[in-house]
Amino acid sequence: MPEVRSPILELQGITKSFGGVEALRGVDFALHAGEIHGLVGENGAGKSTLMKIIAGVHTEFSGRFLIDGKETHFRSARDAHAAGIAMVHQELSVAPDLTVAENVFLGNQPTNALGLVQWRRMAREAGEQLARFGIDVDPMTRLGDLPIGLQQLIEIARVLFSGARIVILDEPTSALSPPEVERLFATLRRLREEGAAIVFISHFIEDILLVSDTVTVFRNGRKVAETASAATSKGALIEAMIGRGGEALEHSYTDDLMLPQSSDSAVILKVDQLSLSRSLKDVSFEARAGEVLGIYGFMGCGQQELSRILFGKLKPDGGTLAVEGEPKTFASTAAARRAGVALVPESRRDMLFHQEPVYKNVSISILDRISSLLLKPTQERDIARRQVEQLQIRPPVVGLDLGMLSGGNQQKVALAKWLTYPPKLLVLCEPTRGMDVGAKNDVINIVRDLRARGLAIIVLSTEPETVLSLADRILVLKRGALVREFKNEPVSKDRLLEAA
Amino acid sequence: MASSETAFAEAHRARGLAPFLRSQMRNIAPFLTLIFLSAFFAFASPSFATLDNLGNILTQVSVTGIIAVGLTFVILCAEIDLSIASIANVTGIAVAYFTLQESYVNIANVPLPGAVAIVLSILLCALLGLVNALGLTVIGIPSFIMTLAMMQIAAGISALLVRGQIAYKVPGLITTLGSGSVSGIPWIVIVAAIMLLGGHLVLTYTRFGRYVYMVGGNREAAEYSGLNVKLILGAVMVISAVCSGIGGMLGVAHFGSAQQNEFDTYLLDSIAAVVVGGTSLFGGRGGIGNTIVGLFVLGVLNNGLDHVNIDSFLKILIRGLILLAALIINVYAQRLREKAAE
Ligand SMILES: Nc1ncnc2c1ncn2[C@@H]1O[C@H](COP(=O)(O)OP(=O)(O)OP(=O)(O)O)[C@@H](O)[C@H]1O
Ligand SMILES: [Mg+2]
């Protein structure tokens, strides 16, 4: 149906700077009804910034902004909402203390003649909406009590069913498991049939190619390409994104991959019969020095809880845990850190101090190594600068408040804080979530380097690619129990999915 | 490399005056309030802007200042301590209880050497602070409730020690620090200044100070960074209680007597000083510098109202309104900062 239609949204020559730094330079962007428009680009390329302009979050910028051909200027996100624009932000923006139902109806709860909230009706309708999307939760539970992936799904559902005609999804699939991604795509296609315009941002190029009609590539604040999805390929897109050949980064893990001979180096962590109410059942495994152990499973399979137990944030109901042969019951995360365990959780919000500069974020977990009483800010900055350089964090300014970094760069800072004095056991939850292809590759290299230095590393992920790209041995976790171990044998994405 | 980095930083910082001012609102607003109040009272009363009166103001805010040092730590951690005034009171009473009183004072007290009396009193307030700390961190009672209970407990101990009587004598060292002066400067002002300076140095230059800010800024992230959050929270509760205790001992010497309910107004004054100064009630922002400005705002306000001719009952209302205004600014400063960071 490639007839010429006028776009419902058109941006011309958009330039946006934060202070002196230009995040967008002269970008043109058009969106048509009944279109799914994919957006790709490196971390910090300006994708989120452009979308926040469309959604009325950033109101100061230069350039023309037209809706249905009429010049418009939003003064707030509320204006954008009134114009039929809804957005799922990269950073989860739910209200954790409200119930699921309240979150679904945030801002327009059904009320009766007296203006009182109709709880029963709200709960029923919320339940129905979520069920249509394949989510089965009690609408009256507190949202914050649900796993982060489920929270993300609920937020997506809220936006998709808000009746908006322009829907923006900024990295919505980062916490979802394959079946959920499937369901999301089906819903997107249905909305497209109904005439909505959808923007879909992702670092998963295959997903972009699969679901979108048009792809736009950003680099360094500029739009560098716009093509029909059918007319491009993964390699071409990566090349446009990073400006060099992307062959090495193209691996898609559909073919069998041979896992190496199992190692017989020292056991760093031994977990025996670990259990936690309904989340984990008799989980036992070992992690060895110089080995990357991957733990794969769908969202809600107990990965999150397992990682928290290893870092002393949760206490198991039963089972034991030993580090280098010594039994441990961690009374606090501080005790776990002292025992040589480090954790990078999947949520940046939980891990980082957004109002503090980058260097304080990097140094916080090693302060006791560099100072006994008095702080040594120069040394802190030097350490941070080295990490920023090694991980290629952009912009490379350690004095900048963390909140000013793009999502992917924040993720790198979360990793950076453990690298100066590497622990014995490093637990990484979704280590490459939100990172562009180049950065993912950097992380793979860093993890391999740490492995070579003799660390035991555990990678927990709901993305098969992440586990396959990093792990030497893979455990599959299903509803709280370990159901399969892959070692010294061929493994592929399909085999993993099958086991989970 | 280094020069390009500074250029980058410069570019990021050169974001115009308006956003900068917006992000600094928390520090600027209290300062403007102080200047405005001072100018107003100087204009309204000739006796206000004198060197003598400055000395008065300093002396008047000293006890509040000493107590507010510890409270600043607590509020930076996004907790609250409602037991400060009661702990000040019980510590002041304790130090008198352990001192030999005149025969007409009808208290069954336990006279001890001065140094022992002081040490025991400090141990007492530290112990009460420790109870606060354990309630908050081990049992998990919110600080608001825990310290509310402690407020009663400390008042109860005070009541048992003095049984409605008034004691007058405290150890010589405490008398000197509380009511003596050296070359014209009251010792109590010097002690308050030293404690404020000490608090500032700890918060700004030590590892512990950084932890306090980080725990207040994002407690979850502090935990995920492997900080012992409970230990830090416990420590600030003890620091707060000890500062209150010192303020209480010197206060008793300053007033010349130790009795029940002597410090009641200091609870609100200390909280007001910290918050009016711009330290965020949500934690992580502010510091002793803010508290000092807050102390002066409060001191100038209380003192200045005595210099102008208005209904003394109206004064209470005016104080309340000014505190409300400062609180509104405190909450707005947080929002403006978030906007500026957008
Ligand atoms: N509030 C802010 N203040 C200052 N700079 C900002 C702010 N928000 C974004 N930037 C900068 O603008 C640039 C573009 O950021 P943006 O968030 O749009 O990137 P992105 O393409 O979404 O990247 P990612 O894939 O990592 O999410 C980055 O250099 C970032 O540091
Ligand atoms: Mg982004």
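Cβ coordinates are placed from backbone N, Cα and C, and glycine is handled just like the others.
Here's what TrEMBL has on this protein:
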- B:31-51: transmembrane segment (TRANSMEM)
- B:57-75: transmembrane segment (TRANSMEM)
- B:82-100: transmembrane segment (TRANSMEM)
- B:112-131: transmembrane segment (TRANSMEM)
- B:143-164: transmembrane segment (TRANSMEM)
- B:184-206: transmembrane segment (TRANSMEM)
- B:227-251: transmembrane segment (TRANSMEM)
- B:313-333: transmembrane segment (TRANSMEM)
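Tallying C-beta pairs under 8 angstroms between the transmembrane segment (B:82-100) and each of B:57-75, B:143-164, B:184-206 places B:143-164 first. When each of B:31-51, B:57-75, B:143-164, B:184-206, B:227-251 is scored by its Cβ pairs under 8 Å to the transmembrane segment (B:112-131), the top-ranked stretch turns out to be B:227-251. The recorded stretches the transmembrane segment (B:227-251) and the transmembrane segment (B:57-75) share 3+ CB pairs below 8 A when only pairs 6 or more apart in sequence are counted, and are therefore in contact.
Looking at which of B:31-51, B:143-164, B:184-206, B:313-333 has the most CB pairs under 8 Å to the transmembrane segment (B:57-75), the answer is the stretch B:184-206. Taking Cβ pairs closer than 8 Å, the transmembrane segment (B:31-51) reaches residues 276, 293, 296-297, 300-301, 303-304, 307-308, 322, 325-326 in its own chain, all 6 or more past its ends.
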